[in-house]
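Novice: As annotated in TrEMBL:
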- Leu212, Val213, Gly214, Lys224, Asp270, Asp299: GTP binding site (BINDING)
- Asp299: Mg(2+) binding site (BINDING)
- 209-353: domain 'MobA-like NTP transferase' (DOMAIN)
Amino acid sequence: MKKKEESVTSNDKHQKHAALTRPRYGDYGRVELGILGTSCGHIQKLAAALIRNSSPGIGSVYVDADHKEGDQLMEGKGSADSLMQSPGVMEYRDKIVYQRLDMRLGETSVFEQREWFNRQDLVLINANHFNALHQVLVIDPAKPMEKKLHKLTDVSLILFKDGASEIPPVVKEHLEAWQSIPVLKFDELDKITRFVMEFVQARVPKVNGLVLVGGNSTRMGIDKAELSYHGQSQKDYLLQLIKSHCEAGFLSCNASQAEEWSGRYPVITDKILGLGPFGGLVSAFMEQPESAWLTLACDLPFLTGDTLAYLVRHRNPSKLATAFLDPKGEFPEPLITLWEPRAYPVLLRFLSQGYSCPRKVLINSAIELLQAPDPGEFRNVNRPQEHEAALADLRASKNEAR
């Protein structure tokens, strides 16, 4: 039994939830394709073929129902050795090259399911059984669609099977824009695979930039965001730099800074206080959970656009994040990292277990780790003497370039 996501209206009593921006999820993930209109066996074979033929690195999951074993367990039958004979039991097994988790729980919710599949780029669903955000409709003469029209909410592809060559009138009547939907044959696997890969690629999230300037600058004694290394404040310099490589750029700041800069700078005000860059990143996801976020610390005076371009060019949206190794070549460098939307729930998971360190998240997650073109650009400046030394080195570098 699965619990669905329910809406709470303003007429409901005790409405105290905040008006948060919600990512667009289906019951299982952000990118769903449900296949329906033919037998479950044919759907299973098509899904398996698509997963095998998909581009390397694309994480896929297939969702289906298996009533036979469930019915046996309900009747007290099935293997006597199976731990699934006992309600409320979970069994985890490390199969060396894969892991298996069986659960016999009374009920699960869509919120749990989304967590299970957070790492996957594509959720393929047997839509004969379950709903999906988008559908692949199979026109199969042996399987009329009259009783399943309500499942056709956003058809992305139509497949003709077993000699079918026309979309049935009842389907045309239900689909207002049926003429614009691409059509292929069910056995044209290469073309179907290409369509699915393009479908996934078209939904790769945009990248926004976030300059982290909300700290107290205790060691420097003055606001590091206001220091000038390139003829303008560091916040202005980095904001301009990041905008040239992202859809949009924002300053991550505290409430007093947001009030001071209101109307002059695009800002994201800290919503979770006392957690430094971690809180700034979570606050950005709270505002735009559908976006990827490229974060920059404000104390990087040697950072260039070439390094940002390299990071964006080598982005792997199938990972939790794309990051550089630190100058010592030991750990991910959290000062400049491109975080995918899938990082949002993971950050909250780490927080719930008592960790608020972005580097800890990177070390313990599946990320794309890059060698920086010039690790020297990650030299950060936190103290007055470091500030003076950085200015001297930048001046010397400019003189050498002349």
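Here the Cβ of each residue, glycine as well, is placed from N, Cα and C on the backbone.
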Novice: Tell me, roughly as an integer, the mean pLDDT over the domain 'MobA-like NTP transferase' (209-353).
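Specialist: Result for the domain 'MobA-like NTP transferase' (209-353): average pLDDT 94.
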Novice: Any idea which of the binding-site residues Asp270, Asp299 has the thinnest Cβ neighbourhood at 10 Å?
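Specialist: Result for the binding-site residues Asp270, Asp299: minimum number of other Cβ atoms within 10 Å at Asp270.
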Novice: Sort Leu212 (GTP binding site) into helix, strand or coil using the DSSP assignment.
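Specialist: In three-state terms, Leu212 (GTP binding site) counts as strand.
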Novice: A 10 Å Cβ contact count, applied to the binding-site residues Leu212, Val213: which residue has the minimum?
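Specialist: Among the binding-site residues Leu212, Val213, the lowest count of other Cβ atoms within 10 Å belongs to Leu212.
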Novice: By a simple count, how many Cβ atoms lie within 10 Å of the Cβ of Lys224 (GTP binding site), its own Cβ left out?
Specialist: 23
